[in-house]
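The Mn(2+) 2 binding site annotation in Swiss-Prot covers ASP257, ASP268, GLU431 and is backed by similarity to another entry. Annotation comment: Swiss-Prot describes ASP268, GLU391, GLU431 as Mn(2+) 1 binding site.
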Amino acid sequence: MTQDYETVLKGKYPAKEHALRVADYVKSKVPDATGILYVEGRMTKMLEDNDEPEPFRQRRYFYYLTGCPLADCHYIFDLATSKSTLFIPPIDPDSVIWSGLPVSAAEAKELYDVDEVKYTTDVNAELARLGKGPKKTVFAIQNQVLDSITFLEFDEKNFSILKDAIERCRVVKDDYEIALTRKANAVSTVAHHAVVEYVKKAKNERELEALFLQRSVANGAKNQAYHGIFAGGRAAATLHYVANDAPLEGKLNLLLDAGTEWNCYASDITRTFPISGKFSKESRQIYDIVLKMQLETTAALKEGVIWDEIHLLAHKIAIDGLHLIGILKGDKDEILKNRTSVAFFPHGLGHYLGMDTHDVGGNANYADRDPMFRYLRVRGALPAGSIVTVEPGIYFCSFIIEPYLKDPVHSKFIDSAVLEKYWDVGGVRIEDNILITKDGSENLTPTIKDPDELEKIIQAS
């Protein structure tokens with residue numbers, strides 16, 4: 001059942017529950033583990049040759065265990081007592097006049113799901129106290145410990161398990177994390193719809209990016225999950241196009257791939273629509289193929305399905321569609337066997353989504369010799385509670401396709417005369433955020449994708 005995410009988000013981020021899950025994983029790998037888990041948040045870093053700080057993005061491993069967005073913090077979880085302690089910066093009287101009063105320890109205790117809050121001036125003393133005793137181990141993350149932090153009292157220092165433990169736990173989301181993703185999707189949808197309504201009036205891609213950012217911030221999402229893609233015409237054939245600065249005149253479609261972040265949790269949504277308000281014949285043909293790819297692969301999702309097989313299904317649907325309109329020709333089984341469809345659908349079907357847009361835990365194998373699976377960011381079975389993007393696409397990128405046209409293995413399956421009519425389509429991608437459940441899935445993305453509805457909105461704007 002769809003929960004009221006706003007009600008869920010009135011509670012605290014369940015950091016203690018996350019810490020207990022991570023601790024259980026560590027103990028499963030080191031059964032006699034005693035000691036602590038130790039993580040640090042991101043530290044304030046100044047711009048080079050400047051007295052301004054770099055834009056701050058909280059370290060995700062730290063946030064997962066604390067729910068704390070503050071800079072310059074530390075965290076300890078005692079494996080023996082399951083006590084969690086957050087360390088925050090003390091008040092610096094010299095900075096108050098510039099920045100105002102920071103969060104106090106008492107306030108932080110009310111805000112974050114931890115057992116105790118102390119100041120960072122106490123970190124090393126607390127580490128020394130907890131390290132006393134036989135066979136104590138500190139579990140920390142390699143290259144994420146300040147030089148000023150000392151683990152001298154601990155018999156062992158393990159820098160290999162904790163990162164993996166957090167990443168594995170992050171794959172399966174709890175109700176609060178799902179609510180954060182719903183909220184991010186809701187705000188992103190407002191911004192997406194604003195762009196659809198304005199696209200016919202826009203002269204340049206940058207106007208649309210500015211509008212998306214404005215609507216995001218106005219609705220409380222100050223951070224984007226990633227650099228948005230506002231690709232007009234043939235630029236849509238570039239998968240991660242980020243220039244967003246080209247004129248729109250004379251171009252058929254806009255590919256909009258953008259998502260806001262809500263309290264460190266990402267949304268990742270892509271829509272493609274006609275700038276004029278009416279799809280060209282070729283654009284609509286490709287759109288319908290991609291929409292079928294997305295709807296049918298999403299319908300096949302549930303706990304335990306193998307993502308590789310869902311990706312393969314997407315290619316089969318793409319081959320059927322491209323064969324029907326004449327771009328591909330010959331035996332469809334041979335087209336699949338020779339991987340010719342990779343020329344038009346060169347990326348993976350999707351990825352895990354969470355605190356990072358391309359979230360952890362996917363077990364990708366970029367050394368795979370099979371080009372159909374090489375860029376698949378998730379491999380293996382999907383657990384219930386995971387969130388994946390489903391983002392099939394068909395693209396007409398000359399740099400990618402032309403080598404296929406010159407290769408006799410592939411060229412016999414591609415009708416270059418028919419293909420010539422499709423270059424201006426650029427690329428079509430449709431992307432939603434999907435929650436995997438025991439018996440199926442739930443689409444968390446309410447953004448309009450019906451092609452007739454998109455045309456109506458643009459024409460009426």
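Even glycines carry a Cβ here, placed using N, Cα and C.
Each residue contributes its Cα atom, and for GLU431 (Mn(2+) 2 binding site) and GLU391 (Mn(2+) 1 binding site) these two points are 4 Å apart. Each of the binding-site residues ASP257, ASP268, GLU391, GLU431 was scored by the number of other CB atoms within 10 Å of its CB, and the largest score is that of ASP268. Within 8 Å of the centroid defined by the CB atoms of ASP257, ASP268, GLU431, the record's Mn(2+) 2 site, lie the Cβ atoms of ALA258, GLY259, ILE269, THR270, THR389, GLU391, ARG429, excluding the listed residues themselves. Cα separation, GLU391 (Mn(2+) 1 binding site) to ASP268 (Mn(2+) 2 binding site), rounded: 10 Å. Apart from ASP268, GLU391, GLU431, the residues listed for Mn(2+) 1, the same chain places the Cβ atoms of ASP257, ILE269, THR270, GLY350, THR389, VAL390, ARG429, ILE430, ASP432, ASN433 within 8 Å of the centroid of those Cβ atoms.
In the three-state DSSP reading, ASP268 (Mn(2+) 2 binding site) counts as coil.
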